[in-house]
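*Asks:* Feature table excerpt (Swiss-Prot):
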type    : residues                : note
BINDING : 165, 166, 167, 190, 231 : NADP(+) binding site
């Protein structure tokens, strides 16, 4: 068996075309969806991610504003900037690019962003609503993963899902979203013993640990759906995921590539949340 590739680029392109139409409709009603991004420091990956967000937002006709600061910005100064955007009706989404310098509390920053403009879906209020299955801003990468899974037309209900990784940004929320779809979810992490025992049972395997080629083909059940969230750069400069792709694609029924799988969906779902926030201002 050779797996069908789940094309994140194509799914993202379709979704972005739909969002661009929604932005046009909002503009006719006098609302231009606005996204404010705050970037601190000189982390190359963060700068790359922000460029991607800017390009996507502007391509869809949204208003994008970037505030860039060096690492000397204080926590108090950052919180004050967030307060200004919380009050500014021109902006429907606020995103502070992570990671932050050590002297700034990530928790304080996430909790300072208004839940109504928390397009990353990280605020405790929105996390709580997600837990309850209520309508809210969903975290972008997990939401993108669920959208990709739905594109395969696989019924998620009753499926054995194994999530490898338990970060607040991907692992925990993607498991919760799949639980909300009536899947049976198991989490594995650095303290899990005999991880292969779990992964080999998975109808759907989601791997998000940030370690190159962490999962090999012999840890995957024949015919499983494999979602690889990792983006790792090898010494030769090539990008790879957390799953050993060449072997895994001979075992899986569906698999996401790296790059071109989950990544394009993350920015797309950020745009989705920003448009959703803009729509709320009309109701």
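The backbone N, Cα and C atoms fix where each Cβ goes, glycine too.
Show me how these features fit into the structure around them.
*Replies:* Here the Cβ of residue 190 (NADP(+) binding site) has 10 other Cβ atoms within 10 Å, regardless of which shown protein chain they belong to.
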*Asks:* Would you give the longest CA-CA distance, in whole angstrom, between residues of 165, 166, 167, 190, 231, the set recorded as binding NADP(+)?
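*Replies:* Those residues reach a largest Cα separation of 18 Å.
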